[in-house]
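Going by Swiss-Prot, these are the annotated features:
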MOD_RES   ALA2  N-acetylalanine
MOD_RES   LYS30  N6-acetyllysine
MOD_RES   LYS46  N6-acetyllysine
MOD_RES   LYS60  N6-acetyllysine
MOD_RES   SER89  phosphoserine
MOD_RES   LYS98  N6-succinyllysine
MOD_RES   LYS98  N6-acetyllysine
Amino acid sequence: MAGLLKKTTGLVGLAVCETPHERLKILYTKILDVLGHIPKNAAYRKYTEQITNEKLSMVKAEPDVKKLEERLQGGQIEEVILQAENELSLARKMIQWKPWEPLVEEPPASQWKWPI
């Protein structure tokens, strides 16, 4: 079964990936590289790094695509690749946004009170 390649994902606009393990290893490695530019105490880095390392170890350990899909629990492997691409994009944006830095100005005292 590992040698067979599916013809379609059944999802419009999402093509079949012929080398999903290689693609995921590249994406997860890039995500980890980008996270290295974020302070170690930032929550986003801490948790994203943990999840990405777990997923990368699954990709390295499981050669069968079907079993990998089940372990990752992210849908078809092409959907997992799309999620990784989106995470890489977000990680790059987080570096620009710097959410770990203090606010420019203090929020109003009643900002979090509801109802007003």
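Backbone N, Cα and C define each Cβ position, glycine as well.
Taking LYS30, LYS60, LYS98 as the modified residues under consideration, the smallest Cα distance to SER89 (phosphoserine) is found for LYS30. Around the residue listed as 'N6-succinyllysine', taking its Cβ as the centre, 11 other Cβ atoms fall within 10 Å, counting all chains. Here the candidates are the modified residues LYS30, LYS46, LYS60. The one whose C-alpha lies nearest to that of the residue listed as 'N6-succinyllysine' is LYS46. In sequence order, LYS40 are the residues near LYS46 (N6-acetyllysine), counting only same-chain partners six or more apart with C-beta under 8 A. Of the listed modified residues, namely LYS30, LYS60, the sparsest Cβ surroundings within 10 Å are found at LYS60. Packing around the residue listed as 'phosphoserine' is summarised by its Cβ count: 12 other Cβ atoms lie within 10 angstroms of its Cβ, all protein chains included.
Geometry remark: LYS30 (N6-acetyllysine) versus LYS60 (N6-acetyllysine), CA distance 15 Å. In this structure, LYS60 (N6-acetyllysine) is part of a helix by DSSP.
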